[in-house]
Structure formats: structure tokens, C-alpha cells
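As recorded in TrEMBL, the features of this protein are as follows:
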- B:25-45: transmembrane segment (TRANSMEM)
- B:27-261: domain 'ABC transmembrane type-2' (DOMAIN)
- B:65-90: transmembrane segment (TRANSMEM)
- B:111-137: transmembrane segment (TRANSMEM)
- B:149-168: transmembrane segment (TRANSMEM)
- B:180-200: transmembrane segment (TRANSMEM)
- B:236-254: transmembrane segment (TRANSMEM)
Amino acid sequence: MTNPAITANGLRKSYGDKVVLDGIDLTVPEGTVFSLLGPNGAGKTTAVKILSTLIAADGGQARVAGHDIAGEAQGVRGAIGVTGQFSAVDGLITGEENMLLMADLHHLPRREGRRVAAELLERFDLVDAARKPASTYSGGMRRRLDIAMTLVGSPRIIFLDEPTTGLDPRSRHNMWQIIRELVSGGVTVFLTTQYLEEADELADRIAVLSDGKIAAEGSAEELKRLIPGGHIRLRFTDPATYQAAASCLRETTRDDDALTLQIPSDGSQRELRSLLDWLDSAGIEADELTVHTPDLDDVFFALTTRQPKETTR
Amino acid sequence: MSTLSLAVRDSTTMLRRNLLHARRYPSLTLNLLLTPIMLLLLFVYVFGDTMSAGIDGGGPNRSAYIAYLVPGLLLMTIGSTVVGTAVSVSNDMTEGIIARFRTMAIHRPSVLIGHVVGSVLQSVVSVVLVGAVAVAIGFRSTDATALEWLAAFGLIALVALAFTWIAVGMGMGAPNAEAASNNATPLIILPLISSAFVPLEAMPGWFQPIAEYQPFTPAIETLRGLLLGTDIGNNAWLAIAWTVGLTLLGYLWSTAQFNRDPK
């Protein structure tokens, strides 16, 4: 946790008069997972393209692995691995040939290249398909091959641009497992996703990107605290008890049809205990009590309410 | 690793990738071979008598016409092969793998050099195949020495290099494979309006400059001279100037397009 793996200051990018990134600041400590969360068109992929030296920013600076992305692009490239939104595999050749191609481009000696390729194919469960053209692979297999190719050079920083978009639930959980293993090996992961659950599961820090700006940044817990909306819900089956409780409790939101009351709360133990004590002393017994803490969905919708306009061509 | 050895190593890797593509999917290359072979048979067996009578002003002389025709068709084979290069470069650039290459610490032009060297090799193989058909129907080199054969191969390789770089630029500039194929069509048309089928003197006066001031005519005249002992004159220098110039132009054009930010 000494030097940040990635820092960015005021990154800007426009295509024509459409501003895609409008001044992005980021710091990603080494060995952590940073997730850039946002709806389609928020600028996530553009941010990855700039930080991975695929395209140049219009303004701002960024350093990746200690190298300036503009002046020392080759230094950045030597330290990173990128798996894009669309699989970056060569469909015309086999999975094994794709792996050996990466080994050659990382200048591994032949024998070591073959060993690394075989190990990764094994690890990503691609041995049976290794001799088939990559174009015949399923979506999940292509994505696994893509990550396996990225890992050939043992990069210290990995960019994963929506790695689970379009995958079925099992493949998605496999991908999460792969990402956790990478991080436990000390790799820094820069992850973009439109799935809140994914950011919540994997990321140490999350930045919510909306309309080219970072709307909020912090750990999942910190972000959830930003948004009010936590409450305790009491459900009754007996209308008389419901009415009694509703008339005694202040600051409640009533739902007369469902016989439920919502009391605002941060979900802390103290607040919960004081409510329970109060219910006990008033002799009210609810049939069901649930604590609802705000989840990332609440955060996400609260922060990204203004949807970016769809560009039409 | 020095820049040069890095360049050689990565270009070799990229060449291997392109040769693997060509070996797995040979249909495009073979299809492109059909045009020059068909033209060869058509002009020899169907139009041959008339053409030769018209050129010589004497009687029909098919074997003389084979000799006249073959050098032009050999070079036309290159024009036809590089259309495939433009298409495959265009296809390749839309693939995600190119984005991956761009984010790797490799010698950047090696991606294009791999295409170029692979395509030049394919062109030379195609020329040899068309040459074999020509020999089978009676073409003979009359007085080429070993040195002249070597020079002929060098010329073919140089022409292939020049047109391949141009085709790579055309492929890079095309939004899709169809457009790439259209962009490269002039490379097939150009030999048709050169001295490949009839000598310049047999063409109408207004057309002669069009046929004369273009890269195929001096290259064809040089190859003719090397294989058949006709007068080369300053055509050799013109051919070298054209091919070196086109190679340089194609290289600069292609790399400039490759270094531009992808969309």
C-alpha cells in the first residue's frame, strides 16, 4: 500500500462536442480492487481506454505503475494487462495458439512459454477446447481465454472492462473467483461494471461515474451511508394492533393496506434496541420486523438519476 | 533488448500469426489466383491468334504472344493478391486482438510488418504458381542467365512489397471489408491499362501516356527484358523508383493510420 498503482488528475475526453469524461480524479492503491461503476454511456470504457494507453486524453494527467500515460506509454504497457468489453482474442486461431502468441509477444523462452500457456489453459478449464479455433468458443469460454491471455505476462495491474457483461450466473461467479485469486496474489485490479452486486462483492473502493463525472467515491459501506433510506419495517396481521402502533409511533410511514409501518433508522444496534424497548413497554408485538439498510442500488439510482442522452446516428 | 532485435522478434511473431491465418483459410488467396490464370488462358487460347496478328501485323503467332503476355500477367498476379491483403487487414483491424496488441509493450509497427511480409510471401508463391501454369502451356524464358533470374525474383518481390504497403494503407482506411476490396480494385485495373496485353505503340496516341506513366508498365518491361532479352532501356530505373516510392508512401500512410487513436 505504498505507492498508488494508478493516479489520475482531471482526465478529460470529448468526441466532437460530446463530453465523455469531464475531469476525472482517481487514486488506486496497489493490491486493491477499484471499481468504476456507472450506467451504459457513462464513460467507463473511455476511462479504461485512456488509462491503458489505447487512446489519448484531451486533458489531465495520469500515472499507471509509476509511468506517465502520455510520455511513457511503453512503460505503462509493460506493467498492465487489459481485458476489454469485447473479447480480445484472435478468433481465426486456436485457444492454444492464442496463448503461445501472447507468450511470444512477452518474449518468454519457448519452453517457458509452452509451460505458462499449458498452466493457464488448465487453470481456466480450457484444455479440452485448446485445439479448437477460438471463434467456436461460447461467450464464457472466450472471456476465460481473454483473461488467460492477459495473465501470460504476469501483469501487476489488470484492467477489466465489464468482465461479466453477458455471462450466465455460473460464469459470472467463476469470473469473480478468478478476480479474487488475482487480488490475493497482489495484483491491482481496475474493474468497470454496471452491476452493483459485482462492485459490492469485489471492490475495496468504488467510484460512481455519471455523465463523465465521478458522482461519489468510497467503500461500498461509505457510499451506502451517503444515502438516507435505511428503515425498520414492522408488519402486523391484526388491524387493531396496527392502528395502536401507528398512533403511538411518530415519524412513521404508514401503509394501511399492507398493515406495515416504516420507521427511519440507520440500522444501528442502539436504534434497534431503543425501538424494541419502546415496543415492549407499549405492549405492542409486531408479527414481523425487518431492517432495511440502503444497498448500492439506492446509491446508484440516487446518484445517477439523470440518464445520459442516447446518441443517435 | 535493443529496438532492432525487438522489432525483428515481434515482427516474426506477427508474421507467424498471419501465415497461420493464410494456412487455415487459404480460400481467399486461391480465389484471387483464379483471375490471372483465367486471363492467361483466355488471352492465349481465345484471343491469342487475333492479338498476335494485330500486334505483329503478320500472321497469327500464338507462342510469340504467350511470351509477350506472361511477364505482365505475373505482375498482375501481385495486384490481384494484394486485394486479399487489403481485405484481411481491414478485417483484422476490427478485431479486439488489435486493441490488445496496442496496449502491450511490443514493437508497434510489427503488427503491420507481419501483414506485409506475410502478404509478400503469398504474392511470390502466387506468382510462382501462375508461372508454372504459363510454363505448362508453353512459356519459355529465352535467354535469362542465373543473375537475370535472380533480378527477376528481386523485381517481383519489390513490386509485391510496394503494392502490399499500399494495400495495407487501403485496408486500414476502409470502414469494412467490402470497402477495402473496393479501395484496392485499382490495383487490378492498373495492369489492364499497362503494356501487359499490347505494347504501348499499338495503343491510340491519347492513351499511351496513361499506360506509360504508371508503375506496372516499367516493371513489366523490365521483367520482359530479364526473361526474354528485350530492350530494357531506362525501365529498370523507373521500376525501382516507382516501387521504392510506393513502398515509402504506403509505409508512411499505413503507420500514420495505425498510430491514430482507434474509435
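Heads up, residue numbers simply count up from 1 along the chain you see.
Glycine residues also receive a Cβ, built from the backbone N, Cα and C atoms like all the rest.
Sequence-remote contacts of a segment are chain residues at least 6 beyond its ends whose Cβ falls under 8 Å from one of its Cβ atoms, and for the transmembrane segment (B:25-45) they are 51, 62, 65-66, 69-70, 73-74, 76-77, 80-81, 83-84, 87-88, 122, 126, 129-130, 133-134, 137, 188, 197. Of the candidate ranges B:65-90, B:111-137, B:236-254, B:65-90 contributes the most Cβ pairs within a distance under 8 Å of the transmembrane segment (B:180-200). Counting same-chain residues at least six beyond the ends of the transmembrane segment (B:149-168), those with a Cβ under 8 angstroms from any Cβ of the stretch are 74-75, 78-79, 81-83, 85-86, 89, 112, 115-116, 119-120, 123-124, 127, 141, 184, 187, 215, 219, 222-223, 226-227, 239-240, 242-247, 249-251, 253-254.
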